Amino acid sequence: MPLVKMSEFLNYLDENNLTAPAFNTTNLEMSLSIINGANELNMPVIVQIAPTNVKLSGYDFIADIVKKAADKVDIPVTLHLDHGMTFEDIQKAVEAGFNSVMIDASRLDYEDNIKFTQDVVEYCHQRGVSVEAELGELGGKEDDMVDESDDQTDPTLVEDFVNRTGIDLLAVSVGNIHGLDEPPKINTELLDEINNKVEIPLVIHGGSGISDDILKQLKSYNVRKVNLASDLRKEFITTVGKRYEQNNNEYNLISVLLDAQKNVQDVVKTKLGALNKV
């Protein structure tokens, strides 16, 4: 089916009491792994990409890939910009046909974060695009960036932030971290407190390192979107590396990429099962 708007996608999740994984893509193979894996389980899925990775394909190319792949399946698929840092990032994604964007202004002080986010919300909502924003900062490693900060979301600011910005999804920092370098310690009490302050869906970044037991609990806190990137990328790279170790004269690129695609697809299904007890 055609890509669906994030607003419609979130309604579907609510109606079916589901939490959707938001898998980060980088290329054709990753995109197909994500969508085909979700389709095998008949589960909705979010495909997303960050500006740090879009330099490989460009916004238009990755949007075309995801749109064409979504057209071939019967599950809800939506396309999201992860960690947009500048207004230009947002504009390029919207112009390419992304259904939603994340504006990450969490590095700014509180009032500047609100002002920047308000500008993005106004621009996007006029074009039917949903907006995710972050309150609090996550530490850890994402792509080639290392962030030593660990600024958990202040629950006393959540209601004010959501009301003044008009965002559609709120990304929170509750002990979750980017990457796989160290296990996160999710503060479910803080997550529960935040959930009781606002009605909009919550988002957890850094889902790759979170245990399956915790992943299963997230929907009870109105977490509707969980970002997953590192474990998919690791599986892809590991598969290619193993094929090289098996035969360092390998030249059949299609065979190698099909192996990587299949293995990533298996990870996609595992994570979908962890989130929704498939």
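Yeah, the Cβs are placed from backbone N, Cα and C, and that goes for glycine too.
Residues or ranges marked as active site, proton donor in TrEMBL: Asp82. Residues annotated as Zn(2+) 1 binding site in TrEMBL: His83, His178, His205. Taken from TrEMBL, the feature Zn(2+) 2 binding site applies to Asp104, Glu134.
Note: Asp82 (active site, proton donor) has non-local neighbours Ala22, Asn24, Gln48, Ile49, Ala50, Met102, Asn227, i.e. same-chain residues 6+ apart with C-beta under 8 A of its own C-beta. Asp104 (Zn(2+) 2 binding site) falls within neither a helix nor a strand when secondary structure is assigned with DSSP, and so counts as coil. In the three-state DSSP assignment, the secondary structure recorded for His205 (Zn(2+) 1 binding site) is coil.
Here Glu134 (Zn(2+) 2 binding site) comes close to Met102, Asp104, Ala105, Ser106, Leu170, Ala171, Val172, Ser173, His205: these same-chain residues lie at least six apart in sequence, with C-beta atoms under 8 angstroms from its C-beta. Its own atom aside, the Cβ of His205 (Zn(2+) 1 binding site) has 26 Cβ atoms within 10 angstroms in the protein chains shown.
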